[in-house]
Amino acid sequence: MTENIHKHRILILDFGSQYTQLVARRVRELGVYCELWAWDVTEAQIRDFNPSGIILSGGPESTTEENSPRAPQYVFEAGVPVFGVCYGMQTMAMQLGGHVEASNEREFGYAQVEVVNDSALVRGIEDALTADGKPLLDVWMSHGDKVTAIPSDFITVASTESCPFAIMANEEKRFYGVQFHPEVTHTRQGMRMLERFVRDICQCEALWTPAKIIDDAVARIREQVGDDKVILGLSGGVDSSVTAMLLHRAIGKNLTCVFVDNGLLRLNEAEQVLDMFGDHFGLNIVHVPAEDRFLSALAGENDPEAKRKIIGRVFVEVFDEEALKLEDVKWLAQGTIYPDVIESAASATGKAHVIKSHHNVGGLPKEMKMGLVEPLKELFKDEVRKIGLELGLPYDMLYRHPFPGPGLGVRVLGEVKKEYCDLLRRADAIFIEELRKADLYDKVSQAFTVFLPVRSVGVMGDGRKYDWVVSLRAVETIDFMTAHWAHLPYDFLGRVSNRIINEVNGISRVVYDISGKPPATIEWE
């Protein structure tokens, strides 16, 4: 019997902060399981989850507004430690008898807080000392409102000149509030504070580790599917690859992977996927060459969203046809990860907007009554990668830059043609190869090449040529919500440009995209 890795668990209530998922990832990094729920949960749901502790996230609302979100009152009656972050601290203060006011000055960015009273949350944690020996902490603030009176049974733990209650605590009830964000790296001791809360105050053991997660996933897959057969759409991306490896470990030859080669992959990618999973790891793979079918469906279509939908639809059609050829398949596996689950929940509550549609195996034939196996649905992307390493997948594959589901279909601007894809594949391979050679690949968050359907005059030897243009794109980002264009060295860009123009017959000009996000998106389509 595998160990219960969910035994100790933290509940994070989401009040809408852009950093909330980061809080959850930090708790997981400490080896403790946690879940992220909307703030308006019921007492019954909290009782059922039975958390070892509760974290109240930050949020964009103002607690001074009449209908702003509040923590369920049961949070403060459950008898477990509670940690309020930013908005979470303000709603805690207000709900327990303190007072919050809108401030004239918004405090955003670096601040230094002075610890004025002892507390289990920050005992022995400091960045510097004042002249009279008081601990100082370097933190990241982001708030407009501030607590002006703490509840009567709380003490002030730390303050700044403009924020008299930067940390408050009720040690007896183990309630803590901080007016800054411990989850961001700018708060230098933030991880130690979270560790103090999760591991010491909530007394959670570090049971959530890659090896134990794998054992748990394998046991759950076996329990769910037994001796039944399972089908998986394998793309070669991180999520489907790790899903394939987990299922292979759990059920061996009862897994069939369908690899649809849509003609929109990177250079030699199809061969690499088949070699690695088929020849090296011994998975049972059905290879479906479908380039002509995808390109025919895309012919004449210029609209990016329409292209995404076509690629998604044709993939489902091809996958369904292959699934129908297999006998006795009872289960469909998918590489759904935890942020997908959170996104779906947000959509259900009307709190998320779709900027670009994502495609997955969306529909299965009505006659196929299949169950769903989603072994990664509790995991964040960084956890999926760590598990992949533990399962023996190569680092370069797990940590390569994101590649869109529709592939080159949205990196060829406008109509997608085989000629354009072939040129783009070769140009992109040169860019990535040079990034790796210059030790720049891991210093940027994402880099790729875009095919522009415009011709430009060039000179080759004594002759003129009139060929296509490609754009190089490289960005630096923490969360992909915002991004800066990467300041790559000019001599490096010159080398890449020369190689592409000289080695890829059909491209006459290379440009570099210097747009940030916002206003531009990272992908061009």
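First residue shown is number 1, and so on along the chain.
Every residue gets a Cβ built from N, Cα and C, even glycine.
Model, not experiment: these values are computed from the prediction.
For Cys86 (active site, nucleophile), the Cβ neighbour count at a 10 Å cut-off comes to 25, with all displayed protein chains included. As annotated by Swiss-Prot, active site, nucleophile applies to Cys86.
The secondary structure of His181 (active site), as reduced to three states from DSSP, is coil rather than helix or strand. Taking Cβ-Cβ distances under 8 Å and a sequence separation of 6 or more, the neighbours of His181 (active site) in its chain are Tyr19, Gly58, Val85, Cys86, Val139, Trp140, Met141, Ser142, Thr187, Gly190. Residues or ranges marked as active site in Swiss-Prot: His181 (among others).
For Glu183 (active site), the number of other Cβ atoms no farther than 10 Å from its own Cβ, over all displayed protein chains, is 25. The feature active site is assigned by Swiss-Prot to Glu183 (among others).
Residues annotated as ATP binding site in Swiss-Prot: Ser235, Gly236, Gly237, Val238, Asp239, Ser240, Ser241. Annotation note: Asp239 (ATP binding site) sits in a helical segment as assigned by DSSP. Around Asp239 (ATP binding site), taking its Cβ as the centre, 20 other Cβ atoms fall within 10 Å, counting all chains.
Summarising the annotation, Swiss-Prot assigns domain 'Glutamine amidotransferase type-1' to 9-207.
If you look up Swiss-Prot, you'll see 208-400 marked as domain 'GMPS ATP-PPase'. Per-residue pLDDT, averaged along the domain 'GMPS ATP-PPase' (208-400), amounts to 89 for this model.
Neighbour density for Val238 (ATP binding site): within 10 A of its CB lie 22 other CB atoms from the protein chains shown. Using a 10 Å Cβ-Cβ cutoff, Gly236 (ATP binding site) registers 20 neighbours. Of all the Cβ atoms in the protein chains shown, 18 others lie within 10 Å of the Cβ of Gly237 (ATP binding site).
Residues Ser235, Gly236, Gly237, Val238, Asp239, Ser240, Ser241 make up the record's ATP site, and a Cβ search at 8 Å around their centroid adds Leu234, Val242, Thr243, Ala244, Gly335 from the same chain.
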